Amino acid sequence: MDQLEMKKIAARAALQYVKPDTIVGVGSGSTVNCFIDALGEMAGDIKGAVAASKASEERLRALGIEVFSANEVTELDVYIDGADEITPQGYMIKGGGAALTREKIVSSLAKKFICIVDASKQVDVLGSTFALPVEVIPMARSYVARQLVALGGSPEYRESVVTDNGNVILDVYNFKIFEPLKMEHTINNIAGVVTNGIFAQRYANVTIVGTPDGAKIIE
């Protein structure tokens with residue numbers, strides 16, 4: 001079974017957490033695209049969605065799902081998103097698609113974070129297989145990079161990428177994260193950082209892993 005099929009299995013399993021007549025929080029990325037496509041079958045049963053990226057907004061609208069802004073809602077029942085890495089505790093690295101800031105905002109509105117992944121995204125230590133994205137105000141790029149080096153990382157500027165917020169991304173390589181919550185706060189306190197891709201303060205409450213044997217749910 002290929003990776004796409006496993007993503008579809010996880011995405012479809014997440015539908016059980018979507019209640020009728022609610023507004024659903026939706027992230028971004030390839031696994032979320034599978035979820036949005038599945039959610040299209042419930043378009044008439046839900047009020048709509050709040051999306052974490054412009055690309056997700058467009059995909060939702062194309063399926064007839066009304067899109068609300070984060071400022072129009074006070075709370076979401078669930079937020080459903082993928083991850084680049086996830087630990088058994090539900091800590092994640094996200095931001096491969098450069099939507100990390102909006103993903104943090106929308107996920108913070110939700111009572112429950114449902115993370116949908118294929119088995120390749122499971123790790124014991126964050127930073128094992130994926131670089132840590134950091135969204136940075138453009139004028140602070142070099143300063144922030146030096147601070148990330150001081151923390152032990154190897155930051156690289158993600159060229160030709162501008163976030164939906166008009167900022168740039170530094171990807172931090174060779175950077176294993178043994179204390180995710182502490183490191184999330186440390187990096188966010190660097191002047192010029194908008195946010196980083198560690199999701200430890202807002203961790204996943206439920207992880208759904210797509211496998212060749214079906215969906216594995218970790219709560």
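We number each residue from 1, going along the chain as drawn.
Yeah, the Cβs are placed from backbone N, Cα and C, and that goes for glycine too.
As given in Swiss-Prot:
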- Ser28, Gly29, Ser30, Thr31, Asp81, Gly82, Ala83, Asp84, Lys94, Gly95, Gly96, Gly97, Lys121: substrate binding site (BINDING)
- Glu103: active site, proton acceptor (ACT_SITE)
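A strand conformation is recorded for Asp81 (substrate binding site) in the three-state DSSP classification.
Just so you know, the Cβ of Lys94 (substrate binding site) picks up 28 other Cβ atoms within 10 Å once every protein chain is counted. Just so you know, of the binding-site residues Ser28, Ser30, the Cβ with the fewest other Cβ atoms around it within 10 Å is the one at Ser30. The record gives Ser28, Gly29, Ser30, Thr31, Asp81, Gly82, Ala83, Asp84, Lys94, Gly95, Gly96, Gly97, Lys121 for substrate. Within 8 Å of the mean position of their Cβ atoms, the other Cβ atoms in that chain belong to Gly27, Val32. Cα of Lys94 (substrate binding site) to Cα of Glu103 (active site, proton acceptor): a distance of 9 Å. With a 10 A radius on its CB, Gly96 (substrate binding site) counts 21 other CB atoms from all the protein chains.
Using a 10 Å radius centred on the Cβ of Ala83 (substrate binding site) and all shown protein chains, the other Cβ atoms total 29. If you measure from the Cα atom of Glu103 (active site, proton acceptor) to that of Ser28 (substrate binding site), you get 8 Å.
The binding residues for substrate are recorded as Ser28, Gly29, Ser30, Thr31, Asp81, Gly82, Ala83, Asp84, Lys94, Gly95, Gly96, Gly97, Lys121; their greatest pairwise CA distance is 16 Å.
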